[in-house]
């Protein structure tokens, strides 16, 4: 007679599944890492390209004698001066509405 041990069989099946799961996880991680490496290489290439373009543009601007302007680029039309302007109560519709509501309640309380 053959003895049947379900717990041992289940343990072996779990080991096989866990081993296959580990292999699949390693493959997925390997694929991810390859994709990440490609993405990193692409990003590094782009940054190097942008750096080269910036160097070329700066060299050309230096050759032409163009100086980076600081301050106001259009002195004939200066921006308005900053003033501490407080909105008047007449121009603020929320403020007048609030005042009306408060006066309505205070009027009702007084009478």
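The count begins at 1 with the first shown residue.
A Cβ is built for glycine as well, from the same backbone N, Cα and C atoms used for every other residue.
The compositional bias 'Basic and acidic residues' feature in TrEMBL is assigned to 18-33 (among others).
The compositional bias 'Basic and acidic residues' annotation in TrEMBL covers 61-88 (among others).
Positions annotated as region 'Disordered' by TrEMBL: 15-41 (among others).
Taken from TrEMBL, the feature region 'Disordered' covers 61-93 (among others).
Here the compositional bias 'Basic and acidic residues' (18-33) has no long-range neighbours, meaning no same-chain residue at least 6 beyond its ends has a C-beta under 8 angstroms from one of its own.
Assigned with DSSP, the residues of the compositional bias 'Basic and acidic residues' (18-33) fall into helix, strand and coil as follows: 16 helix, 0 strand, 0 coil.
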